[in-house]
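Peer 1: TrEMBL feature annotations, pasted as is:
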TRANSMEM  27-46  transmembrane segment
DOMAIN    33-478  domain 'Major facilitator superfamily (MFS) profile'
TRANSMEM  78-98  transmembrane segment
TRANSMEM  105-127  transmembrane segment
TRANSMEM  133-152  transmembrane segment
TRANSMEM  164-184  transmembrane segment
TRANSMEM  196-217  transmembrane segment
TRANSMEM  289-312  transmembrane segment
TRANSMEM  324-346  transmembrane segment
TRANSMEM  353-379  transmembrane segment
TRANSMEM  385-407  transmembrane segment
TRANSMEM  419-442  transmembrane segment
TRANSMEM  454-474  transmembrane segment
REGION    519-550  region 'Disordered'
COMPBIAS  536-545  compositional bias 'Low complexity'
REGION    579-643  region 'Disordered'
COMPBIAS  591-602  compositional bias 'Acidic residues'
COMPBIAS  605-618  compositional bias 'Low complexity'
């Protein structure tokens, strides 16, 4: 019973199966992808937490600060912000690696080469310039990882857990912050270079774990689809879903990926300029990019990095004793409350969780700002710390993970890598700006605004702007495949009604399954064995023959055209009954609508189509292909007899 329960947890729920004859897919490998790839977020969080802690260490201030006492606003700004500047350039360069060599390869190169070089510079530094150089190089690595990891997770995950898996990236960031704070808590009193070199040196261990784990994971199947390597795509998807490569559900998923990609390619190749253009293949692409850019920018304007970059310094100057302990507590709250966000993103959806989170963060920030005017008050300090924790909890459960989820899944395959890179670069650019100017806004002294806790009014204002933006612009993508999201933007006039789209898809899938089951019941009651039953009786022989003679290699076979009678239903989730989107292989509809018959278009099928056609004897839905072949053979025999 216990084993059965565990198996159910790590397999696809029954209600999620929409393809007749498909096996339940396992999510174990997808979870491994999410957790291991998310270690890239852990590295970023750890490096961010280090600068917050070591900048207040007595030994570091004496060795690095110009006045040997404390860092000036200028020194604090450049040391903190230089990482974000590196991440900006790293994120923009990510598509060059991920679209050319693969998502997995990009993470490995960034981790094993760029990050290691940057960390060597940091650990060997004794002056601010070398420390900043190391942080900039490390930032390039973190930027690449930040753009590729959510993309890799989204493309490798099944739709019913995709949001939760992408959320693990943000959860890993919170763990990195917490561990760095704990390590620094143990070394900050050391009066040697070990006080900062030990925390920095531990990053080599995190890098080794990430790289070793990535070597064991498969590449994204959608990357192989982009490269037209369907053998590799099928093998990768089979490893991820833990089902045979000839499983009907897996084949349906591959067909949907390939059809969507081919439809995009029919409009030409893709460049960065295409990220700013909308067309039939990429409906409302400019709106999608605008959504991702503003969402990531508002996440950074929420005020979260003020706490994590300058928390120790801020608490100290606010009269809070034991600032290191308080900072550690805030990191622990961040870790704990990211878990509800991971679970809620697939239950209440993206829109609701962002709106609720924005409201809670805004209220907390305004209360912190109001309470902050009561200086030297023990009660006021306790209230302020309590609402700082409330703000962090709200962010961790909502905007922290969900902003990455939305921006990792809303783009079409052809421009997904580049669009995610642009949105990630926006995140880091805004991060850099605020990290650099915050000391000038908060500190007292020459050329500073001396806002103190009043800065939380600014963060609260951005929180409420975020709520308004989500209500108007963020579409609900919960439970949709990446290909269905294209149809969502094509079909829904605005974000406010986007939640109705999934209901339409579910109703359509239920009708399809009901028709299939009714047909089987009719055949059984009439005493006629169904082709599906025949296939089941001979499944072992069919599987062996298919695996031995039908590789996914279209060069060995003659491709089929529309007139072949080939029937594979791409309707599952593509909403084809509306006659929109990529051509449906079953209904023969196109983007032009019913007025234009599909027979007028000559279409040569891809290698995947040829592969699926060779599996026709294994699926009732492909009987027409087999029938046509038999008819052609009979006609040929008749002609030979006449001759």
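Don't overthink the numbers, they just go from 1 along the chain as shown.
Glycine too: its Cβ is placed from the backbone N, Cα and C atoms.
Curation plays no part in TrEMBL annotations; they are all automatic predictions.
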Peer 1: How does the model score the domain 'Major facilitator superfamily (MFS) profile' (33-478) in terms of mean pLDDT?
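Peer 2: Summarising the domain 'Major facilitator superfamily (MFS) profile' (33-478) by its mean pLDDT gives 87.
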Peer 1: Is the number of Cβ-Cβ pairs under 8 Å between the transmembrane segment (385-407) and the transmembrane segment (289-312) three or more, considering only pairs separated by 6 or more positions?
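Peer 2: With 3 or more qualifying Cβ pairs, these stretches touch.
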Peer 1: Grab the same-chain neighbours of the transmembrane segment (27-46) for me: Cβ-Cβ under 8 Å, and only residues 6 or more beyond its ends, written as numbers and ranges.
Peer 2: 10-12, 87, 107, 111, 115, 142, 145-146, 148-149, 152-153, 156-158, 161, 164-166, 168-180, 202-203, 206-207, 209-210, 213-214, 216-218, 239-242
Peer 1: For the transmembrane segment (105-127) and the transmembrane segment (324-346), decide whether they are in contact, meaning at least 3 CB pairs lie under 8 A, counting pairs 6 or more apart in sequence.
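Peer 2: The transmembrane segment (324-346) and the transmembrane segment (105-127): touching, no.
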